[in-house]
Amino acid sequence: MYDIIIIGAGTAGIAAYKEAIKKTQNILIINDGSWDTTCARVGCMPSKILISTANRVYDIQHADEVELTVKAQIDTSHVMQHVQSLRDRFTKATLKDVNSWEKSHKISGKAEFIDAQTVQVANQKYQAKSFIVAVGSTPSFNREWKESLGDLLITSDQIFELNELPKRLAVIGSGVIAIEIAQAMHRLGVETTVFARSEKVGSLTSPTLQKNAIEVLSNELNIKFKVLPEHVQKYRNKVKIEFTEHGQSQQLITDYLLVATGRDSLLNTLKLQNIDTSFSDITKLPIDPHTKQLAQLPIFVVGDAFTSTPIQHEAAHEGRQAVQNCLNFSKLKNIKTLTPLGIMFSSPEMAGVGQNFKSLTHQKTAFVTGYASYEKQGRAIVNGKNQGGVEVYVDIKTRKLLGAELFIQSAEHLAHLLAWMVGQKLTVDEVLDNPFYHPTLEEGLRTALKHARRQLKAV
Ligand SMILES: Cc1cc2nc3c(=O)[nH]c(=O)nc-3n(C[C@H](O)[C@H](O)[C@H](O)COP(=O)(O)OP(=O)(O)OC[C@H]3O[C@@H](n4cnc5c(N)ncnc54)[C@H](O)[C@@H]3O)c2cc1C
Ligand SMILES: NC(=O)c1ccc[n+]([C@@H]2O[C@H](COP(=O)([O-])OP(=O)(O)OC[C@H]3O[C@@H](n4cnc5c(N)ncnc54)[C@H](O)[C@@H]3O)[C@@H](O)[C@H]2O)c1
């Protein structure tokens with residue numbers, strides 16, 4: 001009997017293995033499919049390569065933002081090769097690591113539970129004192145549409161495999177994946193149309209920043225809000241989409257349909273109902289949000305498989321932390337301990353830190369919002385990127401910084417600073433006691449913090 005069986009070798013499973021091997025050699029990791037992680041193969045890395053290249057094209061074509069006249073000829077014919085070769089560099093690094101592990105610790109194949117102590121892979125049974133379940137998720141899509149469109153319906157699992165940039169792309173969804181990829185494709189010269197079921201873009205929950213983001217992004221991108229395809233079909237090896245806009249029936253011919261409408265957990269592949277029949281509905285599993293324990297069992301579910309924050313660093317953190325709970329069962333520690341931090345790599349970037357506007361409002365927390373627009377922010381003007389704004393949320397009683405939302409260029413850096421401040425439970429006064437260099441984007445953050453402090457004084 002193994003000390004731990006880890007199911008899934010993505011970000012969370014690999015982090016769990018690397019932590020567990022420091023404590024015990026009596027471990028097994030089972031993975032169905034490729035051992036190079038969703039993040040490196042079809043997620044974080046290829047998407048960021050595409051976005052970075054697209055933003056370079058944009059900056060060359062918009063040099064007039066800083067009064068430069070540039071006559072450039074941009075050849076995008078190697079973009080997909082660039083995405084793939086750089087992506088391969090990252091996946092190779094992961095595979096090199098995995099290949100260095102003891103062979104007898106690894107099994108390829110789909111794991112299914114037989115009971116709470118036993119899993120089966122291709123008719124072979126394996127038992128463990130504890131399990132770390134890190135099976136991740138997969139893109140959701142309409143099966144009927146897939147049947148009629150075949151390879152022309154793609155998800156984030158396929159888009160980075162295209163040999164060349166398409167001429168035209170339709171995207172369904174206006175969440176994180178949809179907007180990141182749609183904006184990048186548009187900037188690379190792909191005629192891109194986004195179908196959004198609601199009037200919302202990306203991850204922001206603040207109504208002010210959301211409104212601003214809709215304005216800014218729809219100035220650049222063709223986003224059809226509250227419009228969804230009604231019928232799709234293959235037409236001369238293209239995709240024909242029928243939809244209704246402003247009360248009129250319309251149609252659009254495009255090369256591919258990218259479906260980015262969320263991801264489904266792969267927990268349903270594990271036959272958890274063999275442990276307890278009540279586990280057959282994976283959306284209702286009794287998983288403790290803090291310890292990630294399934295019911296009272298020595299089974300811990302980590303990463304994207306069951307989370308409201310499907311992001312890489314959380315998956316890795318949960319994978320590592322779960323090992324302690326397995327080896328010290330049943331003395332459990334909370335796994336979910338990181339300050340919330342989410343960054344969306346649109347342009348301008350969106351970020352959320354700590355508690356967001358929506359959760360603070362729902363919990364009826366007594367807080368003030370400090371706001372700063374970046375339209376007139378000195379450094380942003382100098383950079384020719386003066387769009388968006390930031391909001392900081394401060395507790396009225398304790399004056400502590402509770403969270404922030406950002407929609408500005410380079411939000412990724414400010415968001416980290418803010419996450420570290422929120423994690424240290426600093427008050428707005430303590431944050432403002434720190435140096436703010438001139439001229440920097442951080443000065444805009446100071447404006448927002450001061451705005452919040454003025455309201456506290458007024459309360
Ligand atoms: C397009 C895209 C862009 C992204 N960009 C970012 C980003 O910029 N920043 C960020 O933080 N996050 C990003 N993410 C999210 C990030 O990739 C995920 O949060 C992270 O990869 C989750 O890791 P995981 O270990 O939970 O799952 P995965 O890495 O998906 O690993 C799960 C593994 O389990 C295996 N498995 C499934 N079922 C079984 C079974 N029954 N038996 C055995 N093995 C099984 C799977 O095959 C897979 O290998 C992005 C995701 C996508 C799709
Ligand atoms: N930068 C990053 O950190 C990053 C990048 C990409 C993905 N991710 C992670 O991956 C997760 C999944 O991303 P995602 O974009 O697939 O999910 P999402 O939840 O961000 O967006 C889903 C979108 O699909 C729409 N939608 C859902 N069902 C629909 C339906 N039936 N018809 C039409 N539209 C529908 C929603 O309205 C929304 O616009 C994200 O939550 C994020 O945590 C992170």
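We number each residue from 1, going along the chain as drawn.
Every residue gets a Cβ built from N, Cα and C, even glycine.
What TrEMBL records for the NAD(+) site is Gly173, Ser174, Gly175, Val176, Ile177, Ala178, Ile179, Glu180, and among Gly33, Gly262, Gly303, Gly319 the residue it adds there is Gly262.
Disulfide connectivity taken from TrEMBL links Cys39 to one of Cys44, Cys326, namely Cys44. Of all the recorded positions listed (Lys48, His438), Lys48 sits in the most crowded Cβ setting, with the most other Cβ atoms within 10 Å. Screening the binding-site residues Gly173, Ile177, Gly262, Asp304 for a C-beta under 6 A from any atom of ligand 2 leaves Gly173, Ile177, Gly262. Taking Cys44, Gly173, Gly175, His438 as the candidate recorded positions, the subset whose CB lies under 6 angstroms from any atom of ligand 1 consists of Cys44. Here the candidates are the recorded positions Cys39, Lys48, Asp304, His438. The one whose C-alpha lies nearest to that of Ile179 (NAD(+) binding site) is Lys48. The two recorded residues Gly173 (NAD(+) binding site) and Cys39 (disulfide bond) have their Cα atoms spaced 20 Å from each other. His438 (active site, proton acceptor) is 41 Å away from Gly262 (NAD(+) binding site) when you measure Cα to Cα. Cys39 (disulfide bond) and Lys48 (FAD binding site) have their C-alpha atoms 10 Å apart, to the nearest angstrom. Here the Cβ of Gly175 (NAD(+) binding site) has 17 other Cβ atoms within 10 Å, regardless of which shown protein chain they belong to.
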